[in-house]
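Among the features that TrEMBL reports, substrate binding site is placed at Arg47, Asp101, Glu102, Ser103, Lys142, Gly157, Asp158, His234, Ser235. According to TrEMBL, the feature Fe cation binding site maps to His114, His138, Asp139, His209, His234, Asp267.
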Amino acid sequence: MPNTVTSTSGRELDAVSDAIDEVNVIKGKMWDDKSEFDEGLDKARFRDYDAACDRVKAFYKEQHEKQTVAFNIKARVDFKSRKRGRMGVWEAIELLNTLIDESDPDTSMSQIEHLLQTAEAIRRDGKPEWMQVAGLVHDLGKLLLLFGSEGQWDVVGDTFVVGCKFSDKIIYPETFKNNPDSNDSVYSTEYGIYKPHCGLDNVMLSWGHDEYLYNVFKDQSTLPVEALAMIRYHSFYPWHREGAYSHLTNDKDKEVLKAVQAFNPYDLYSKSDKPCDVDALRPYYQGLIAKFFPPVLDW
């Protein structure tokens, strides 16, 4: 059974996660010109950039100091060596909602409503069912907070490649100075432990909810490559927004990049205080879940 986590921990994770999203909203721009759901959206409703930065910079300082190659190897060994639970996808959504039920003061939206709002925005734009499902499940990796994460820094936040020089396209790159890998004779070089254009399938991304959920789903679903990329890379802003790591990517990555960029607006801009009717939407999304997932998964 999952570990018990206090509602305070859940609220703290939600607040940090929301602040991270808000910084990305303000820094970013729309990548998918064909997304229609947010036309006329008042971006000013998001919190002030400087206020969000204070919280987010402290978070990233800890994340950037602790996300080392050694930690990432350990996290992956731990993932493969034990099962954290067995449940269906909708059950996991409901479990996440109990973890993060009260959100920060700027929104009254629960986690399940964010997932449904993301999926519904994709659905209204007439996108395929597999993309709707990707929107519905993309943040389920935050269950790591229940499953024994070391903190918030190994659950949320923008992701990046470890094992080579930390890109200057990562948010707050100066905060890597106390990461021991920054002074490693191999890990601090441009290619590090990788070969040119080896492809993102062959690199280690910083461990968090994206990488965890991708590893859960890649062998336990029939989601297409594009959907798995949306899940794995939706927080990989140095790549999908800033254009970093071109020396490591290959032709496959160039193709899935289009899907990740198309997904990003739905993740960032679909949040609204208008509640979803969970009971009304449940049958539709349970039907979609059944098309792409077995009844029970190992987590």
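Every residue gets a Cβ built from N, Cα and C, even glycine.
Keep in mind that this is a model prediction, so the values were computed, not measured.
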Rounded to the nearest Å, what's the C-alpha distance separating His209 (Fe cation binding site) and Lys142 (substrate binding site)? Just drop the number here, would you?
5
I'd like the Cβ neighbour count for His114 (Fe cation binding site), meaning other Cβ atoms within 10 Å of its Cβ, all protein chains included.
27
Any idea what the Cα distance is from His138 (Fe cation binding site) over to Ser235 (substrate binding site), rounded to a whole Å?
10
Within the same chain, and leaving aside His114, His138, Asp139, His209, His234, Asp267, name every residue whose CB is within 8 angstroms of the centroid of the CB atoms belonging to the recorded Fe cation site, in sequence order.
Leu115, Thr118, Gly141, Lys142, Asp210, Ile231, Ser235
Which of the binding-site residues His114, Asp139, His234, Asp267 has its Cα nearest to the Cα of Asp158 (substrate binding site)?
His234
Measuring Cα to Cα, tell me the gap between His234 (Fe cation binding site) and Lys142 (substrate binding site) in whole angstrom.
13
How many other Cβ atoms sit within 10 Å of the Cβ of His209 (Fe cation binding site)?
26
For Ser235 (substrate binding site) and Asp267 (Fe cation binding site), what Cα-Cα distance in Å is obtained after rounding to a whole number?
10
One should report the C-alpha separation between Lys142 (substrate binding site) and Asp267 (Fe cation binding site), rounded to whole angstrom, as 15
Residues near Asp267 (Fe cation binding site) by Cβ (under 8 Å) yet at least 6 apart in sequence within the same chain, in sequence order, are Asp21, Thr118, Gly135, His138, His234
